[in-house]
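Below is one structure, written out as structure tokens; comments come after it.
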Amino acid sequence: MRILGIEGTAWAASAAVFEYDPDDPAPLDADQPFIETDAYQPESGGIHPREAAEHMGEAIPAVVESALDAADGPIDAVAFSRGPGLGPCLRIVGTAARALAGTLDVPLVGVNHMVAHLEIGRYGSGFDSPVCLNASGANAHLLGYHDGRYRVLGETMDTGVGNAIDKFTRHVGWSHPGGPKVEEAAKDGEYVDLPYVVKGMDFSFSGLMSAAKAEYDEGTPVEDVCFSLQETIFAMLTEVAERALSLTGSDELVLGGGVGQNERLREMLSTMCADRGAEFYAPDPRYLRDNAGMIAVLGAKMLAAGDSLTIEESAVDPNFRPDEVDVTWRADEASVAFEPMETAERQGAEAIVTVESVEPRSTEARTQSGARVIKRRLPKAYRHPALDERLRRERTVAEARLTSDARRQGVPTPVVRDVDVAEATITFDRVGDRDLGAALTPDRARMVGAHLARLHRAGIVHGDPTVRNVRVDDRCYLIDFGLGYHSGHVEDHAMDCHVFGGSVRGTAGDTDAVLSAFEAGYAEAGDEAVLDRLREVEGRGRYT
Ligand SMILES: C[C@@H](O)[C@H](NC(=O)OP(=O)(O)OC[C@H]1O[C@@H](n2cnc3c(N)ncnc32)[C@H](O)[C@@H]1O)C(=O)O
Ligand SMILES: Nc1ncnc2c1ncn2[C@@H]1O[C@H](COP(=O)(O)OP(=O)(O)OP(=O)(O)O)[C@@H](O)[C@H]1O
Ligand SMILES: [Fe+2]
């Protein structure tokens, strides 16, 4: 089959033709798919939606014509980006796609742009069920296929990653887009500390960007700010990608989105994957930045699965989220998630955890399960040494302190036997016989809800309460408090609940029963306002 793809969500007026044989998928190369793009370049400032839409109106007919000229025969379907993106741009492109499908008398296929960013990487890599990091202008997500959908394992809590960088370059007076200019300037920069914010697998850029602007205003050389911005932002993205690999047990990562063209980001991801024995694939830059090739490739898979739209169904959606897409072109059983195994040595996202048995004769050291675990936060080669030192030290201190604080509040946690801050090493009693991820039931989820509520009432935030950070036997023990802190804010408490929910949706079955039990457990012991805020956090339109 031969698919025409059209893209025009923001800056790229682009058309492509892709020849697809489901039984013999062709590799991506320089001329397959054929892509023609006409980029919108704002005269000043960032992207103006109305100007960008005018650009689409002018440029789309010409790029479509080039694509049709390059096609080797008749077109079987027209695929277009239905969203997310700028409303005025989407409407112009939607109208063009409908008209063209009508004229050619072929089906119309509506593609989610963010799912296209990840599927092009999956197609190019040949990986079956990877974790996907989408690092684009208006978005930043971690996605994994589970239970028939691409689940959002983590995402930005405020702006997209490219937009955050572009706002900084606007502040210093550089033209759009800022990403490549920051990359260039960073080559001569030195490191200064900037705020680093990850919450489970979610992350936030707003505090970091304000601090970067303030550094610049106070006279820190712009190269140093650019260097440190890259080191900080990309370390955050690499860390959450590693957390997603650890949570799901996957050993495949693909990159998507325009910021993925950045060499330093690719280097960090590739180092992280190599160090944990995972495979990493980043598509060629022509498939990372917005392009119609990725729309045509996913459009072809959708068409092969019989997934097309009537004109009435084909309205565009500026807030189209990737987890709203009904994934028709993949088997329902496929999943990014693997059942965790009990081994003597565990590689988490941050640390190596080894189980040690304790001499039964030493009564003082004897514990219920007769074993200890040693958790070592080894240096991460992907991140700047100064940042690495700081994170390992801060988290070791926080983890030791909060694990004990939580137990004093009556929440089951392992006893801390020894802490070596210089070596970023903690020795705990071994607790539980499995991870919650291997034994998740509504009853256990209810216990976790009650434990979190109790923590929150005492002003403690866990920071990363996933199904891998709870150990179970007949009790549920919370572990891994390294991202924890003290706070009485409803928002921080709601984020903890959100992190738990995301880890369940991304890896478990029977999620509705599990999550309502979790909330019931929380409601019994905690503040209802937190669950109301959770609703708000989950419904929030994040992308500005
Ligand atoms: C919804 C859609 O319109 C939107 N598209 C989009 O953001 O364009 P994309 O091509 O994926 O990414 C553009 C961003 O990518 C950044 N960028 C480009 N080259 C870069 C580089 N070398 N380093 C860092 N950022 C870079 C730009 O600064 C800009 O913010 C999206 O995918 O979120
Ligand atoms: N006290 C403990 N008792 C028993 N098992 C433990 C204990 N601490 C850690 N583990 C095991 O080791 C795994 C990794 O530990 P932990 O989550 O603390 O490391 P991490 O590197 O911070 O992991 P991640 O960030 O991926 O959650 C846990 O999922 C659990 O299976
Ligand atoms: Fe994009």
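Glycine residues also receive a Cβ, built from the backbone N, Cα and C atoms like all the rest.
For the Fe cation site, TrEMBL records His113, His117, and the single candidate of Asp275, Asp284, Asp290, Asp307 listed with them is Asp290. Cross-referencing Asp166, Asp193, Asp202, Asp251 with the L-threonylcarbamoyladenylate binding residues that TrEMBL gives (Asn134, Ala135, Ser136, Gly137, Ala138, Gly179, Glu183, Asn262) picks out Asp166. In the vicinity of ligand 3, defined as a Cβ distance under 6 Å, the following of the binding-site residues Asn134, Gly179, Asn262, Asp290, Glu345, Val353 are placed: Asp290.
Around the Cβ of His113 (Fe cation binding site), the same chain contributes Glu7, Thr9, Ser81, Arg82, Gly83, Pro84, Gly85, Asp290, Ile295, Phe320, each under 8 angstroms and 6 or more positions distant in sequence.
The shortest Cα-Cα distance from Asp464 (active site, proton acceptor) to any of the binding-site residues (His117, Asn134, Asn262, Ala349) is found for Ala349.
For Ala349 (ATP binding site), applying a Cβ distance below 8 Å and a minimum sequence separation of six or more within one chain yields Glu239, Glu242, Arg243, Leu245, Ser246, Leu247. Taking CA atoms as the reference points, Ser136 (L-threonylcarbamoyladenylate binding site) and His117 (Fe cation binding site) are 9 Å apart. What surrounds the Fe cation site, by Cβ distance within 8 Å of the Cβ centroid and not counting His113, His117, Asp290, is the set Glu7, Thr9, Ser81, Met114, Ala116, Ser136, Gly256, Gly257, Asn291, Met294, Ile295 from the same chain.
The 6 Å Cβ screen around ligand 1 retains His113, Asn262, Asp290 from the recorded positions His113, Asn262, Asp290, Asp464, ordered by sequence position. Within 10 Å of Asn134 (L-threonylcarbamoyladenylate binding site), counting CA to CA, the binding-site residues His117, Ala351, Val353 contribute His117.
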